[in-house]
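Below you'll find the structure, written out as structure tokens, and then a few comments.
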Amino acid sequence: MKVRSAGSDRDVLCVTEEDLAGEDEDMPSFPCTQEGRAGPRCNRCQKNLSLHTSVRILYLFLTLLLVAVAVLASLVFRKVDSLSEDISLAQSIYNKKLVSMQENLQGLDPKALINCSFCREAEQLGQEIRKVQEELEGLQKMLLAQEVQLDQTSQTHELLSTRSSQISQEMGSCSFSIHQVNQSLGLFLAQVRGWQATTAGMDITLKDLTQECYDVKAAVHQINFTVGQTAEWIHGIQRKTDEETLTLQKIVTDWQNYTRLFGGLRTTSAKTGEIVKTIQTTLGASSQRISQNSESMHDLVLQVMGLQLQLDNISSFLDDHEENMHDLQYHTRYAQNRTVERFESLEGRMASHEIEIGTIFTNINATDNHVHSMLKYLDDVRLSCTLGFHTHAEELYYLNKSVSLMLGTTDLLRERFSLLSARLDFNVRNLSMIMEEMKAVDTHHGEILRNVTVIRGVPGPPGPRGLKGDTGVKGPVGSRGPKGDPGNLGPPGPQGPQGQPGEPGPVGERGPAGPRGFPGLKGSKGSFGTGGPRGQPGPKGDVGPLGPEGPPGSPGPSGPQGKPGISGKTGSPGQRGATGPKGEPGIQGPPGLPGPPGPPGNQSPY
């Protein structure tokens, strides 16, 4: 199997770049990948490649063997047909010649058989004819033996054809099983690709979650920084307020001191009524100082009012920060809950993926065992095929030997046939000459018997054997006979030499699409698959119908105090009012300091 995966699934699946380009006949070859990079081929891929090459070589060897057996069978049958035709022609020719000889012998006059030389020649002819008949019987026996051998060769050819058909059926079943294995591998590859896509999606979601965690941490860090800044700012404002309160306390203590002084002045006003006139000059300065102090007090009151407004703004700003902090805490808690839920769902998915990966490993081990069993079965088939090929080779060797023996015997038969045909031609010529001589002698004897009027008595005993006469003079060449009947068709000639290869023809047009094949057999029912992972949450449902109106709720709590408005711009100074009436005389001031001594007076004349 071409099986591999990336990362932790290194030894799970090995996949090729060309898929599948040709997965209909051969098993796919996939390059192993390790962590997204192409790695070396695994041992299983090499075994699969060697198995494919061996199966292809076995297919080629089977086709060549079938072609060779068919060619040899055709050659053997052609030679046997030619031999049978030659033998049938020879038998027909011999039969015709024997029939013609018998007719000629029957046409002879029985009275002419008195001649001893003719009797001897007839006996010799009979002996030769018997020899020819014996040779023909031997030929018939040889033909019967050859027919038996031909029957044996036909039986062996039938055995070879049946075995080749069995081998082709076994190879077809092997190819069908390999095709089924390839289909199962394709389905398994599709499942593994889906698992890889899911793992990639999980990686992307984990990256998104980590990025969200980093963003939340950065937001919390920024919030902490802003809270620290606001705390420092509040601390500075508190310092300023402490300083202002200290100044106010100082002013209050001064005011109390002044009131005490004024009380002492009131108590001492009765006592110092005498010196009020002396210190009226200092009252103007003191009144001016009092007016200045009142103005400074008014300014201090204005500053205190501004500080109070600033404190109100700061308090509203702190309230806003508290609300923002509450919102951030709520969002962080919500994000934490969401992250916890996502991590729990991811843990569930990881557990389901671990279960699926375990099932994948079990399926891979099962397929590995199945492939090993298939390899063992293919090895057994290869051994049986090699044994069958060896037996077929031995049978073909013996067939070649028998064919060579048959060819030798056919050559001997042809030579004997040529010799017998020559001897028959010679004997037929001699017989024709003897028959002509016998006809001439018969005519001569007839004429003599007609001329003789003396009645012969009983024939006496035969006389002694005379001397052998001299060979007669060769008679004249006879006239040319009529044209004979057309003979039977001769045997087909030998196959001529193979011609030179012709030029390649033009590329033909693409033929029409073939008819759709028959539907394949229904596969066996698969085992129960493992439970699928938990599905994603469905889309949000439609808005339901409005429910009945509920009872009026209880009044809610009062809302927080609103933010103070922005302080307006200081208005332009108003017009100076009219001078008011003269006020009541103020409190008598304290006695002034004693003045410097005056100049010496003039001495009166008195």
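Cβ atoms here come from the backbone N, Cα and C positions, even for glycine.
A quick note: this is a predicted structure, and the numbers were derived from the prediction, not measured.
Remote same-chain residues near the transmembrane segment (57-77) are listed as 153, 157, 160-161, 164, 167-168, 171, 382, 385, 389, 392, 396, 399, 403 (criterion: CB distance under 8 Å, separation of at least six residues from the stretch ends). For 57-77, the entry in Swiss-Prot reads transmembrane segment, with the evidence type sequence analysis.
According to Swiss-Prot, the topological domain 'Extracellular' annotation covers 78-606, on the basis of sequence analysis.
The N-linked glycosylation site feature in Swiss-Prot is assigned to Asn115 (among others).
In three-state terms derived from DSSP, Asn182 (N-linked glycosylation site) belongs to a helical segment. The feature N-linked glycosylation site is assigned by Swiss-Prot to Asn182 (among others).
When secondary structure is read from DSSP and collapsed to three states, Asn224 (N-linked glycosylation site) falls in the helix class. Look at Swiss-Prot and you will find Asn224 (among others) tagged as N-linked glycosylation site, backed by sequence analysis.
What Swiss-Prot records for Asn257 (among others) is N-linked glycosylation site. Annotation for Asn257 (N-linked glycosylation site): no same-chain Cβ neighbours under 8 Å separated by at least 6 residues are found. Reduced to three states, the DSSP call for Asn257 (N-linked glycosylation site) is helix.
According to DSSP, Asn313 (N-linked glycosylation site) is assigned to a helical segment. Summarising the annotation, Swiss-Prot assigns N-linked glycosylation site to Asn313 (among others) and lists sequence analysis as the type of evidence.
Around Asn337 (N-linked glycosylation site), there are no C-beta neighbours below 8 angstroms that are at least 6 residues distant in the chain. According to Swiss-Prot, the N-linked glycosylation site annotation covers Asn337 (among others).
Following the DSSP three-state reduction, the secondary structure of Asn365 (N-linked glycosylation site) is helix. Taken from Swiss-Prot, the feature N-linked glycosylation site applies to Asn365 (among others), supported by sequence analysis.
The feature N-linked glycosylation site is assigned by Swiss-Prot to Asn400 (among others). All protein chains shown were included, and the count of other CB atoms within 10 Å of the CB of Asn400 (N-linked glycosylation site) stands at 12.
Per Swiss-Prot, N-linked glycosylation site is recorded for Asn430 (among others).
Here Swiss-Prot flags Asn451 (among others) as N-linked glycosylation site. Non-local neighbourhood of Asn451 (N-linked glycosylation site): empty, since no residue in the same chain at least six residues away has a C-beta under 8 Å from its C-beta.
Annotation comment: Swiss-Prot describes 455-606 as region 'Disordered'.
Annotated compositional bias 'Low complexity' per Swiss-Prot: 497-516, in sequence order.
What Swiss-Prot records for 526-535 is compositional bias 'Gly residues'.
Look at Swiss-Prot and you will find 548-558 (among others) tagged as compositional bias 'Pro residues'.
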Practice prompt. Round to a whole number and give the Cα-to-Cα distance in Å for the pair Asn400 (N-linked glycosylation site) and Asn182 (N-linked glycosylation site).
Written response: 43
Worksheet, complete the sentence: Comparing local Cβ density (other Cβ atoms within 10 Å) for the glycosylation sites Asn224, Asn313 points to Asn313
Practice prompt. Measuring Cα to Cα, tell me the gap between Asn365 (N-linked glycosylation site) and Asn430 (N-linked glycosylation site) in whole angstrom.
Written response: 94
Worksheet entry | C-alpha spacing of Asn430 (N-linked glycosylation site) relative to Asn182 (N-linked glycosylation site), in angstrom | 84
Response to the item:
Taking only the CA atoms, the spacing between Asn224 (N-linked glycosylation site) and Asn313 (N-linked glycosylation site), expressed in whole angstrom, is 22
Item to complete: Could you round the CA separation between Asn430 (N-linked glycosylation site) and Asn313 (N-linked glycosylation site) to a whole angstrom and send it over?
Response: 161
Worksheet entry | Predicted model, mean pLDDT over the domain 'Collagen-like 2' (559-601) | 66
Worksheet item: Using a 10 Å radius around each Cβ and counting other Cβ atoms from all shown chains, which of the glycosylation sites Asn182, Asn365, Asn430 yields the largest count?
Response: Asn182
